[in-house]
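A.B. asks: Below is a structure I'd like to ask you about.
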């Protein structure tokens, strides 16, 4: 998984996805399929994207009792996607069960999907962490604790804000994947995410992968927006 860009397909239908991807017909993308799209289209959208040569992050954020997560992951592994995730808040036993399910469900000769854990959603503020979730630690402490649990459980990495990447790399190692949503161009609106950075800032902070959605999918010219993403990652933004 060398390409650091993951394009979030935040659509509710396969038709919208096909319309968006049409200009990319000769490009293999790394795309994210989330709840909205998967719950509407099911496994068919995964098969379609794979046939087009795209790599897939299936972003369903599983969080349930260990046995349920194990069986769910066993089924998802058969789709042969590249990356799946769980909520770290489910605990070590649940995360270990997720890996067991992936190992059991991965077809012979195939590589099991990478599995990462969500630490805290990028829509979660420090105030929300304390006042609504009743977590009495700082955001940084909470994220690091969850990342450590994910590593202890054998997971391949975490989903986190880019601002938390340096701390996670320090404590969990350079090989531990950091997948960072909340990526916006400098002139974009933040929308419902509060812990956001630009592509180049994420690179400087050491992110393994960045997830970017509306900045590309809602752009008037998605190809130009994707090229801008590549330029910003290199620190070569056009003026």
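Cβ atoms are placed via backbone N, Cα and C, with glycine included.
Below are the features I grabbed from Swiss-Prot:
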ACT_SITE  61  active site, proton donor
BINDING   10, 32, 59-68, 122, 184, 193, 213-214  substrate binding site
A.B. asks: In whole Å, how far is residue 61 (active site, proton donor) from residue 213 (substrate binding site) when you measure between their Cα atoms?
C.D. replies: 17
A.B. asks: Reduced to three states, what secondary structure does DSSP give residue 61 (active site, proton donor)?
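C.D. replies: Residue 61 (active site, proton donor) sits in a strand per DSSP.
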A.B. asks: For the residue listed as 'active site, proton donor', what is the tally of other C-beta atoms lying within 10 angstroms of its C-beta?
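C.D. replies: There are 15 such Cβ atoms around the residue listed as 'active site, proton donor'.
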A.B. asks: Within 10 Å of each Cβ, count the other Cβ atoms and name the one among the binding-site residues 10, 60, 63, 122 with the highest count.
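C.D. replies: Max Cβ neighbours within 10 Å, all protein chains included: 122.
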A.B. asks: For residue 66 (substrate binding site), what is the secondary structure by DSSP, using just helix, strand and coil?
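C.D. replies: In the DSSP reduction, residue 66 (substrate binding site) maps to helix.
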A.B. asks: Give me the long-range Cβ neighbours of residue 66 (substrate binding site): same chain, 6+ apart, Cβ under 8 Å, in sequence order.
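C.D. replies: Listed in sequence order, they are 90, 93, 94, 96, 97.
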